[in-house]
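**Student:** Sharing the features that TrEMBL gives for it:
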- A:9-31: transmembrane segment (TRANSMEM)
- A:65-255: domain 'ABC transmembrane type-1' (DOMAIN)
- A:71-90: transmembrane segment (TRANSMEM)
- A:102-120: transmembrane segment (TRANSMEM)
- A:132-154: transmembrane segment (TRANSMEM)
- A:190-216: transmembrane segment (TRANSMEM)
- A:236-255: transmembrane segment (TRANSMEM)
Amino acid sequence: MTVSRTTRIALFGALGLGLAVIYFPLLVVLLNSVNADTTFGWPPSRFTLEWWSRAVGNQGALEALWTSVRAGLAATGIALVLGTMAAFALQRFRFFGRDSVSLLIILPIALPGIVTGIALNNAFRTVLGIDLGLLTVVIAHATFCIVVVFNNVIARLRRLGGNLEEASMDLGANGVTTFRLVTFPMLRSALLAGGLLAFALSFDEIIVTTFTLGAGLETLPIWILNNLFRPNQAPIVNVVAAVLIVVSTVPVYLAQRLSGDTASGGRI
Amino acid sequence: MSPNQAPSLAVQDPAGERAGRDAEPAVRLRALRKAFGPVTAVDGVDLDIAQGEFFSMLGPSGSGKTTVLRMIAGFELPTSGTVELAGRDVSTLAPFQRDVNTVFQDYALFPHMNVLANVEYGLRVKRVPRAQRRERALEALRTVRLEDFAGRKPSQLSGGQRQRVALARALVNRPRVLLLDEPLGALDLKLRQAMQVELKQIQREVGITFVFVTHDQDEALTMSDRIAVFNNGAIEQVGSPVEVYERPASAFVAGFVGTSNLLSGPAAEQVIGRRGIYSIRPEKIRIDADLAVPAQAGETSATGAVTSVVYAGATVRYEVSLDAGGQLSVVRPNEGPAADALRLDGSRVRLVWRDEHSFRVAAGS
């Protein structure tokens, strides 16, 4: 499609403005993490790495990071197993209520976090009698992490069809061998993409976490929220936020690469 | 026959055992039925396919031919009836327990493996030693003239090349029966015709029983030793290409294999002299512009008016509306001046054919 010069300039202008609105504030966070002025006046006065060295030694931040990683890994693990199984069940078998089940699996990602949070909080404490702790966060995160794994896997399964597995069985491979040599290799990149997205979702979740985390535990986002308005912690918060920006960009970038290529040219 | 209960697919049978089994047909289907819910896809199929035969299952889509193939392969289990391979009942066995291999319509090559790995796959899962399976895979690739492509990924091959890889991947296992599910359907006409010749040649070389599913009657006629014509989940006729084409058993077969050219009702009574439905192949009919010449002994004739003339290059097709009622197509080689043929449009002619070329068919669907 060809567009006139004026249109092109206008479109690029709009694109630039849109991206600036999203990314300029993030840039400010990155700059402030090395801004020597504790009140973060603008423009930054002097450059310093003091906040970074203080953050590295900050016990609360490190503990929160560790909690976040554990919760994220556990929720991702659960999501990978259950999401894949659900995708197989819904893609490969026809059964009564199949469409409803599909909707029910996807719904949690659309539900407002505050609703999920309150509901799970109630269910854990009053109905099931489970004390809030890391486990309850893991379960809560898994409810929406499953969705991204499920979506990635079912999209891949749709594209593959069942033919490759039939071909494998036809050539003498039993079900286990077929899964090992054909199905799993074809799913690998979809699983990795789904897993990375699931981890990223869990890692920055705050609303549901607030309602399901046990007393005395903090995930990284919650630590940030709690420390944001304490004057002497504020510079460290900027550093943590800067780290989070980088850490969450990488998995999303990788996930996009993985779900984009590999199998796209591969449907033979 | 010696009972062979070994679940493993022996790569090479002891000679005696194979000889003992040669007496049995390669494939024997008995009262085979398959229902998907309320729909009966295959309804009582009995069939014997001999060792080394090139056997085609021909029919329109939805006629049940592919479902029969899938039951022989083991992808579908019969609702009732039995599938025997070389005398052994395999009706309930899984695909990997049957000594058959399939060439799929869309080839189903493994996209994450290169050509060689695809061809080696069957030997690999049967734990054939690496050196031996490499040798056999390369040999199979040589058979389909693709030995130079061993390192390519399937996505780097053309349609015809993928097709040949799929063939090599199946043949390398030396199956008792090779099943081919419309393997040429995705290829363009020229390539398809080339592959038809090549497939037939390969079949003769390897001597494996081929069961070939197609909806293309030309393909079935040119390649097969025998053809089964399917309609509505059942077999209408089994026979050699000549039998099926020259003596179709039913109106359906007459129409599906070649052009439907039927005389029925009063027209049949008047022209043939008997009741029933009669089929005449369009190229067996002669056109005579001279209405006065009497029919010779052993010939049938009918007069009518040419309603259309279609010029098709090598042949000319005439539609003739008979005075006795009904309509016949006539196909003549384009041997004289084309203008003469076209001039016949609208004129009255006499159609003549040998008595044995009009024959009675069952009504059927």
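The backbone N, Cα and C atoms fix where each Cβ goes, glycine too.
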**Student:** Near the transmembrane segment (A:132-154), which residues from the same chain, at least 6 beyond its ends, have a CB less than 8 A from one of its CBs?
**Tutor:** 67, 70-72, 74-76, 78-80, 82-84, 86-88, 90-91, 105-106, 108-109, 116-117, 120-121, 124-125, 187, 190-191, 193-195, 197-199, 201-202, 205, 208-209, 211-215, 217, 219, 259
**Student:** For the transmembrane segment (A:236-255) and the transmembrane segment (A:9-31), decide whether they are in contact, meaning at least 3 CB pairs lie under 8 A, counting pairs 6 or more apart in sequence.
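**Tutor:** By the criterion, they touch.
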**Student:** Should anything in the same chain at least six residues away from the transmembrane segment (A:102-120) have a Cβ under 8 Å from its Cβ atoms, list it; otherwise answer none.
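**Tutor:** Beyond its ends, the transmembrane segment (A:102-120) has Cβ neighbours at 86, 90, 136, 139-140, 143-144, 146-148, 150-151, 205-212.
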**Student:** Would you kindly list the residues that approach the transmembrane segment (A:9-31) from elsewhere in its chain, counting only those six or more residues past its ends and only Cβ-Cβ distances under 8 Å?
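**Tutor:** Distant contacts of the transmembrane segment (A:9-31): 3, 44, 238, 241-242, 245.
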